[in-house]
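The block underneath contains the structure these notes are about, expressed in structure tokens.
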């Protein structure tokens, strides 16, 4: 029972390191009041989902946290030409606390936002540049910077899925770092390039490496999305039925605001399959010995539509002591339960049982528990070795022989002697 | 370039004026014809050349030169050996005059998802790019494969930008292991290799030796039976009880030692032994002193 309670507390602690999931308080920073009306569809969509939007001008004094408590769960910064009163460190601390940020800019990006983006692995191109594509632009407007982008991220269907038409984009490009935490959600086509607005001449950043909308999913599951175009979210584009901006923006915002794809683990248990009598030492931790057969079990849930549902996937379990000694993949059942029987290695030491789920676009899940694996006790080895039977036979025959001899030696009377004495 | 822009201006001017259906049809035809004229007379790529050499210095003397005319395809794949360099050169001409386009690049893409567009540098009316493995290793993730080479030339003034698939080139990176292409590369299952127990002699040998070891005991038992024995000194009366208890204690100690061999640990055995020693000592003293009191008579008898 103690064992279960301690494991339960442990798993609770692990969860609390990550931010609160499902928070609804949003701070929206705007450069100009009119963005509220030109992007009203975007904000209405959020309000309908139950988000409480707090609109503030970029230059007004706002606080993200007070007494180490966050006042908001999400931050949305639209149009970032002016430096906000928030400092880079304040925004980064907000992200480090597990909260989410959406940033949409245009051709001029302030230093603060550049620093934040650069810390998130997103390197924004210089001011007064734009992404051009002389092949795939909106032909109806004859503006080569109005891109019809369809380079959606392929490995993470959880982020954007089922977006059939291209997405209208006009704005600044960026480069993302080659990193597992960074997601290039919308990239330009191979013929696009980032160039100065004055000359339209191509710069060094060209082709599919030109990021249009990118995200970072930090190790604490905080999600930061940067869009180089504010127009992407505007009413005009969201209402345009020839493009898929509406679907794209809806899916992107809900993913960024952690409405789905967050994982949590609970009910971790490691038990011996065949407990022996020496194991009943009534201590709270189980004593694992080399070569033991153990049953590992973990429950994994996924946050979806405001509730936790079982996550069915593949769990990677590694048993590590400096190096992974065992790595297996456990398939989860419908209840989100991952169970496997494993024989522990024949090496003793302090081992880490590391269960991880790695699915692109999903949050990080790492369930760590450390257990010592002990060597055999002096009496847990094989008791009788067949090769040593002569040795045992010698000992037993000696014991029994001595026993019989001593009794007879004590109680035997020579029958001949009494006769002679008589 | 000047020529195209003129056509464009003309067309747009007419477009704004026109209201009549017939006129508009006429103008549409005009635009199409204009476009086709613009295409045929405007931009072409000339002198496309790939030179492969061992280093940047020796590129000029290299004999490995692949040339291809605009619109055609390379007859075979260009293989660039590892640690070599390749120089891609082309000219962009518009009406036989060199043109500086807003974008002049080459694109290299493989079937497994690497897609890189590289800008060309412009000097002396030609575009060039020197490909060295060291510089592109990071962007290409050191992934050796066959890449399709495409030339991209575009300008907002050009009515139709150029995207020309030249052929394939083969990149051979020197490194053994390329960086993973997917976000979470598939990891292999690791299973622990248990130590193999040491080899042991066969069962028959140990059985034979067991027999040999037991032989003296057998000799002892048979010899004893042959010589004959009795338990005549077993006492009677009160001492009978002492002697029986003593024998029982010795039996118990013997059994305990056998049990120690089979399953008990040292600590437990010593604890039991300590308890058993008390009656053993007590009854042993009683029995042995009785037997000893009997012994002097025997010795006396002997001496007599």
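Every residue, even glycine, has its Cβ placed from backbone N, Cα and C.
Per TrEMBL, the feature domain 'Ribophorin II third' maps to B:47-171. If you average pLDDT over the domain 'Ribophorin II third' (B:47-171) in this model, you get 88.
Here the domain 'Ribophorin II C-terminal' (B:194-295) has, by DSSP, the following mix of helix, strand and coil residues: 80 helix, 0 strand, 22 coil. Residues or ranges marked as domain 'Ribophorin II C-terminal' in TrEMBL: B:194-295.
Annotation source TrEMBL lists transmembrane segment at B:205-227 (among others).
TrEMBL lists B:239-262 (among others) with the feature transmembrane segment.
With a threshold of 8 Å between CB atoms, the same-chain residues lying at least 6 positions outside the transmembrane segment (B:268-285) that come near it are 242-243, 245-246, 249-250, 252-253, 256-257, 259-260. Here TrEMBL flags B:268-285 (among others) as transmembrane segment.
Residues of the same chain that lie 6+ residues outside the transmembrane segment (B:205-227) never bring a C-beta to less than 8 angstroms of a C-beta in it. Break the domain 'Ribophorin II third' (B:47-171) down by DSSP state and the numbers are 9 helix, 69 strand, 47 coil. Long-range Cβ contacts of the transmembrane segment (B:239-262) within its own chain (Cβ-Cβ under 8 Å, at least 6 residues beyond either end) map to 269, 272-273, 276-277, 279-280, 283-284, 286-287, 290.
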